[in-house]
Amino acid sequence: MPMINLLLLILPTLIAMAFLMLTERKILGYTQLRKGPNIVGPYGLLQPFADAMKLFTKEPLKPSTSTTALYIIAPTLALTIALLLWTPLPMPNPLINLNLGLLFILATSSLTVYSILWSGWASNSNYALIGALRAVAQTISYEVTSAIILLSVLLMSGSFNLSTLITTQEHIWLLLPTWPLAMMWFISTLAETNRTPFDLTEGESELVSGFNTEYAAGPFALFFMAEYVNIIMMNALTTMIFLGTTHNAHRPELYTTCFTIKTLLLTSLFLWIRTTYPRFRYDQLMYLLWKNFLPLTLTLLMWYISLSTMIASIPPQT
């Protein structure tokens, strides 16, 4: 039974990821006044499966000077971690109900840094290594603000358990009282998933393709898949934290439907941002975090701590 549950989580996630790639290519096409993929299958719907077949049947070439073990482990680890992050998410029931669900997600998402660093180092290429070092610095930096934002939300929720957030938001979305945090969280998720305008790790104009420059065929596809699975996961987490859906035990399908619609809308916003904004300079990216986001999130954290203390210590009114 647990095996079936696991498959029912992994397979839809991978199918959603495949169609997200197609949607992105379609949106990019229409914003540039062209059609996008429309040959393979009706309206191009089978394009992601054709791409997967092509990539996984090609010979996985690797540089002769690369470190073989790490070179192969890195993309596999990236996709494994991306799929592992889905296990504590309540939709409305999680696969594994963890008391420290949010802490688990924060800790596990940090491990993605290792796969990127290993891939850059094991490739034995200067471009790949520079891209990997950029990715590590960027991800670690933005996780600082993400952790502080989550801590502020936890003070209002009262628990690290993700299911508690559903109860917390029965009457009002946390987006409304904490909108500055929500805006900063959304930008941090863009940076953590290395998406435009924060895709400095694969700056084509200066680093060829970044940390995955030396990858081809199957291993390259695994990195690509991990990126898109992470995008959907981060938007699902944003939906749970700030746009909570009321869970009716008698009609659980309503929760799943609302949750899916909100996640898809946020994911579409990710794609829209890619078509609209240019890439930041690296110093601007770091300046935004350390000089703007960090002081703001710390100030708001102190505000939410003092607010809850003030409200709790008001004497009862007769």
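Glycine residues also receive a Cβ, built from the backbone N, Cα and C atoms like all the rest.
Residues annotated as transmembrane segment in Swiss-Prot, with sequence analysis given as evidence: 2-22 (among others).
Outside the transmembrane segment (69-89) by six or more residues, the chain places 9-10, 13, 62, 95-98, 101, 104-105, 108-109, 111-112, 114-116, 118-119, 121-123, 162, 215, 219-220, 222-223, 225-226, 229-230, 233, 236-237, 240 with a CB less than 8 A from a CB of the stretch. Taken from Swiss-Prot, the feature transmembrane segment applies to 69-89 (among others), supported by sequence analysis.
As annotated by Swiss-Prot, transmembrane segment applies to 100-120 (among others). If one looks beyond the transmembrane segment (100-120) by at least 6 residues along the same chain, the residues whose Cβ comes under 8 Å of a Cβ in the stretch are 70-71, 73-75, 77-78, 81-82, 84-85, 88-89, 94, 128-133, 135-136, 139-140, 143, 146-147, 150, 154, 160-163, 192, 201, 211-212, 215, 223, 226, 230, 237.
The transmembrane segment annotation in Swiss-Prot covers 147-167 (among others).
The transmembrane segment annotation in Swiss-Prot covers 171-191 (among others). Here the transmembrane segment (171-191) has Cβ contacts under 8 Å with residues 138-139, 141-142, 145-146, 149, 152-153, 156-157, 165, 197-198, 234-235, 237-238, 241-244, 266, 270, 273, 285, 288-289, 293, 296-297, 300, 304 of the same chain, all six or more residues outside its ends.
The transmembrane segment annotation in Swiss-Prot covers 222-242 (among others) and rests on sequence analysis. A Cβ distance under 8 Å defines the sequence-distant neighbours of the transmembrane segment (222-242), meaning residues of its chain 6+ beyond its ends; these are 13-14, 16-17, 20-21, 75-76, 78-79, 81-83, 85-86, 89-91, 105, 109, 112, 115, 119, 150, 153, 162, 165-166, 173-175, 178, 182, 185-186, 189, 192-195, 212, 215, 259, 262-263, 266-267, 270.
Annotation source Swiss-Prot lists transmembrane segment at 253-273 (among others).
Tertiary neighbourhood of the transmembrane segment (294-314): same-chain residues 144-145, 148-149, 151-152, 155-156, 178, 180-181, 184, selected by CB-CB distance under 8 Å and a gap of 6+ residues from either end. According to Swiss-Prot, the feature transmembrane segment maps to 294-314 (among others).
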